[in-house]
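Enquirer: Sharing a structure below in structure tokens format, with a few things to ask.
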């Protein structure tokens, strides 16, 4: 079973403490009834994506290729697009962000965006949702506070 030690992990349906993860999309859930409710909404289109992502443990031979891919990405020219470790920590400690992430609708939007094929189109659609815009603004306010004040 996947580790559910994250302090912010809650059941995607009822927001209780989860015990399990959906084998398709990996969202946490706490019981069979919650899984059944989630399963109705869990997209069958997401299954191939998750199967590609779900791989053997990090110790396998394939992970060595993944490690070099990550290293290549980290050494890419897109340094200005990267969030600093301190800002990542600030995101993780934000109570406002945590409370937004408890919303099942926002979680489903993020899962759809993560698993979708046309991310640019999905991002445009998500940015039409006031809840997602509030989430994005909260993240940007934490990561780029000086730009938020200037606007």
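Cβ atoms are placed via backbone N, Cα and C, with glycine included.
Note that the coordinates shown come from a computational prediction; the quantities given were computed from them, not determined experimentally.
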Enquirer: Scan 44, 76, 84 for the residue that Swiss-Prot records as phosphoserine.
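Expert: Cross-referencing 44, 76, 84 with Swiss-Prot, phosphoserine lands on 76.
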Enquirer: Taking DSSP states H, G and I as helix and E and B as strand, how many residues of the zinc finger (11-42) are helix, strand and coil?
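Expert: Secondary-structure breakdown of the zinc finger (11-42): 10 helix, 4 strand, 18 coil.
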Enquirer: Roughly how many Å lie between the Cα atoms of residue 34 (Zn(2+) 1 binding site) and residue 22 (Zn(2+) 2 binding site), rounded to a whole value?
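Expert: Cα-Cα, rounded: 10 Å.
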Enquirer: In whole Å, how far does the CA atom of residue 11 (Zn(2+) 1 binding site) lie from that of residue 38 (Zn(2+) 2 binding site)?
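Expert: On Cα coordinates alone, these residues lie 10 Å apart.
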Enquirer: Which residues, sitting 6 or more apart from residue 30 (Zn(2+) 1 binding site) on the same chain, put a CB under 8 Å from its CB?
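Expert: The answer is 11, 13, 14, 16, 17, 18, 19, 20.
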